[in-house]
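Enquirer: Per Swiss-Prot, compositional bias 'Polar residues' is recorded for 26-42, 407-420, 427-436. Taken from Swiss-Prot, the feature region 'Disordered' covers 26-68, 407-524. Positions annotated as compositional bias 'Low complexity' by Swiss-Prot: 43-65, 437-453, 463-514. The domain 'Protein kinase' annotation in Swiss-Prot covers 77-361 and is backed by sequence analysis. Summarising the annotation, Swiss-Prot assigns ATP binding site to I83, G84, E85, G86, S87, F88, G89, V90, L91, K106 and lists sequence analysis as the type of evidence. Residues or ranges marked as active site, proton acceptor by Swiss-Prot: D196. Summarising the annotation, Swiss-Prot assigns S-palmitoyl cysteine to C535, C536.
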Amino acid sequence: MSITAGPKVTTTAALVNTDRKMNNHHSTQVLHGSGQHGMQPSGNNVLNGLANGATGLQSSASSTSTRDDSTIVGLHYKIGKKIGEGSFGVLFEGVNMINNVPVAIKFEPRKTDAPQLKDEYRTYKILSGSEGIPQAYYFGQEGLHNILVIDLLGPSLEDLFDWCGRRFSIKTVVHVAIQMITLIEELHDHDLIYRDIKPDNFLIGRPNQPDANMVHLIDFGMAKLYRDPKTKQHIPYREKKSLSGTARYMSINTHLGREQSRRDDMEALGHVFFYFLRGQLPWQGLKAANNKLKYEKIGEKKRSTNVYDLSQGLPVQFGRYLEIVRNLGFEETPDYEGYRKLLLSVLDELGQKLDGEYDWMKLNGGRGWDLAINKKPNLHGYGHPTPPNEKSKRHRNKFNQVPLAVNNLNGSNVPLQSHSPLPGGTDLTQGVSNAPQQPQQIMSQQQYQQHTQQRLDPMSYEAYKQQVQQRYAQQPQPTQQKAQKSPNNDTSQQQFSQNRQQQPQYQFQQNQPQNGKVQVADSNSEKGFFSKLGCC
């Protein structure tokens, strides 16, 4: 049984029917929105055969855009402003040029140690048609990146929580909690566990849409199969597992290195509910010498915090929920409907109803949230960025005031002289030094105009692409001496460079479906014990 707050809405499938008929390239994008009442969300090898013929993955040759316009990907998705960034890569808003439907475009470097977009795309296709799950339209390669295009949504619950003074009313928490439980139930029904429950990954819809205040779930890069889709055989219980998720919300069993299952998603939801009700959790702000000790402290604090103390001054039903899910067995099926009824009883006791009214609808004199007023606090979600910090402001001002050096014919940078040099050749842009001065190069008017034209909007795709190209160009190349020290002394520097260039393609292809079955790597195989941990 699915319970949602507010009027029932249709899925996004109808909106993209025209697009899917006209485009053979499926892709996915992340969410984001602007306006009133809304803003901004891997399984393992058991996934064999689950998405046979359903994912529509294209090879790199067929999925790479052939358009001359550098701001168009996937043949007809035009890239707009940057709206988010994080460890995964960068997120841009965009538009489907065929039907003018807004989309989100997620960029992931192809050379990343743990690519996730391909597995995330598969998960979106598995969940396609589920209420509260954005539609995935396209996945492919564009230059140095993997690209995912999905529905554009509104702000995350974390953003709305900030805008509402970092405290939700009991009524709003019940509204969102019921929807969050239903979304996780839908994921579990498709044999997947989420493993990274946090407010940042739950978004509401875009303004002026039927689902403007409906909670959606995004970002399935950490999702994993907990049972075989065909036989329904549950994964075995194991210990000494690496931590996966966000330390602030993860379950106690996850801190203890135990294999995650459905119970861990439900416990993490309980921690989010108390976060919304209390404003913060008792294990926030703990200090330690390093991250490993910090996560251990968080786990110890969770174990030592009594649920009764956590529920002080709050409806007892929230504490009861946390007690129930913490006592679930490893393979036990959660009572999703029972949890919803338990939380609905809170409204009954308060004499309130599930009427679809949320705290964020009261912002700005009852007009609701507005990005022109309510700023996105950071770029790690899927909202609009805030102005740069003081350090970046200084960098920006310096960039705007001092002409950059122009590369000479030898490829080295030389300092530039002001356009109006002072008598005696004095240049105020240079520091005072007794060392012999290098020959200075005066920038011509034409060079200055070209330099000015290169000042791109830092939120634009062109600026991001320029940064990526510069970063790759600055990567050190292996010397001939290093190549001779390699195990194969016959390998030339040219062959070594070719192997490096071919490596990303191999990494992308190695998870391609084999023998008609989808092979998905277990994200626990990543190097590093804390490689999957989020903010705590």
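Heads up, the Cβ atoms here are built off N, Cα and C, so glycines get one too.
Source: prediction; values computed, not measured.
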Enquirer: In whole Å, how far is D196 (active site, proton acceptor) from L91 (ATP binding site) when you measure between their Cα atoms?
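Expert: Between the Cα atoms of L91 (ATP binding site) and D196 (active site, proton acceptor), the distance comes to 19 Å.
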Enquirer: Looking only at Cβ atoms, how many others are within 10 Å of the one on G89 (ATP binding site)?
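Expert: If we count other Cβ atoms within 10 Å of G89 (ATP binding site), we arrive at 20.
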Enquirer: Within 10 Å of the Cβ of L91 (ATP binding site), how many other Cβ atoms can be counted across all chains shown?
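Expert: There are 26 of them.
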Enquirer: Give me the Cα-Cα distance between G89 (ATP binding site) and D196 (active site, proton acceptor), rounded to a whole Å.
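Expert: G89 (ATP binding site) and D196 (active site, proton acceptor) have their Cα atoms 17 Å apart.
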Enquirer: Roughly how many angstrom lie between the C-alpha atoms of E85 (ATP binding site) and D196 (active site, proton acceptor)?
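Expert: Between the alpha carbons of E85 (ATP binding site) and D196 (active site, proton acceptor) there are 17 Å.
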Enquirer: Give me the Cα-Cα distance between I83 (ATP binding site) and D196 (active site, proton acceptor), rounded to a whole Å.
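Expert: Computed Cα spacing between I83 (ATP binding site) and D196 (active site, proton acceptor) is 21 Å.
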Enquirer: Please average pLDDT over the domain 'Protein kinase' (77-361) for the predicted structure.
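Expert: Mean pLDDT for the domain 'Protein kinase' (77-361): 95.
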Enquirer: Ranking the recorded positions I83, E85, D196 by other Cβ atoms within 10 Å, which is at the bottom?
Expert: E85
